[in-house]
Amino acid sequence: QFDPDNTGYISTEKFRSLLQRHGSELDPHKLEVLLALADSNSEGRICYQDFVNLMSNKRSNSFRQAILQGNRRLCSKALLEETGLSLSQRLIRHVAYETLPREIDRKWYYDSYTCCPPPWFMITITIVAFFLYNGVVLDRFVLQVSHPLYLKNALLYHPQLRAQAWRYLTYIFMHAGIEHLGLNVVLQLLVGVPLEMVHGAARISFVYVAGVVAGSLAVSVADMRAPVVGSSGGVYALVSAHLANIVMNWSGMKCQFKLLRMAVALICMSFEFGRAVWLRFHPSAYPPCPHPSFMAHLGGVMVGITLGVIILRNYEQRLQDQTLWWIFLSIYVIFVLFAVFWNIFAYSLLDLKLPPPP
């Protein structure tokens, strides 16, 4: 009816008149984005497919670029100023302001989030870690590094057992003490769950697992005689990516007390890292095997400020279109391959005296 030549486009003037005529029938947030699309279009015409993508909650890269390259003038008050929201709506709004730097992204997320699927990955990892640590392995609340079963399990990474590849991942389910477990659980839930709600399980699980693998491989390269336990590699990857994203988009982040929140997160991370360093050089309860290494923390941080930042910065964009993503991914793959060959050849070439297997 409005495109008799079947070109797939209509003029912005006709588009605006349709919005004015039928605007009351549309969701307010979608109406704002449609108006922003019309305002930012320099060609004087609107693509029908972009309209379909918006109304079906499918945000194409071309549609997003049309919004972001325009002036992005929103036509009403910010999402934070809206009143009369239910508890769940306020929670979603809070998550949007905690993780996204642009108002149009926050409104898009608020409008399209359905909690289906829920943030299952971080919750599952946390529950499994807690119950494996306290129930299956220890059967009591004690410090694991002073427990007789500390080294005698099939989960932690041990240099003598580095050929058992699963240990490079499963070490995250063991922790060096209740305080170690507690701090990782708190950070996973407070940071990981909101990030997963916004970016999805696929992206967040990738950052988390990449940090875990980088952590154990960093230990095998830089601290070759030490075992490693704890989920700090994955946790530090998420937290460092989130903090770096806040710093890079400081003016756009509207979360309350963002400076205080960053300071608290850095203090907690520094405390946990300092404890790990102290424990590493403290006399071992099971000589000659040393206490767990702290290098996994640094491996996680490096993943967070490279791969993690790219993933969190490009909300709802296809990562395969991002040049910097491929650069950092290539660097990560090269490091993994280097560490694998290092584990195969370096230990024998350096003739290291490793602690005996448990």
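Note that Cβ sites are derived from N, Cα and C of the backbone, with glycine treated the same way.
Annotated features, as they stand in TrEMBL:
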ACT_SITE  S232  active site, nucleophile
ACT_SITE  H297  active site
DOMAIN    1-25  domain 'EF-hand'
TRANSMEM  120-143  transmembrane segment
TRANSMEM  204-222  transmembrane segment
TRANSMEM  228-247  transmembrane segment
TRANSMEM  259-281  transmembrane segment
TRANSMEM  293-312  transmembrane segment
TRANSMEM  324-350  transmembrane segment
Sequence-remote partners of the transmembrane segment (293-312) [C-beta within less than 8 Å, at least six residues beyond its ends]: 99, 195, 199, 203, 206-207, 210-212, 214-219, 222-223, 226-228, 230, 232-242, 244-245, 248, 272-273, 276-277, 279-280, 319, 322, 324-325, 328-329, 331-332
Contact ranking winner - 204-222, 259-281, 324-350 against the transmembrane segment (228-247), Cβ under 8 Å: 204-222
Whole-number Å value for how far H297 (active site) lies from S232 (active site, nucleophile) (Cα to Cα): 6
Count of other CB atoms lying within 10 Å of the CB belonging to H297 (active site): 26
Residues of the parent chain within Cβ reach of the transmembrane segment (204-222), under 8 Å, 6 or more residues beyond its termini: 121-122, 125, 157, 159, 162, 167-169, 171-172, 192, 195-196, 228, 231-238, 241, 293, 295-300, 302-304, 307-308, 311, 332, 335-336, 338-340, 342-343, 346
For the domain 'EF-hand' (1-25), mean pLDDT (0 to 100): 78
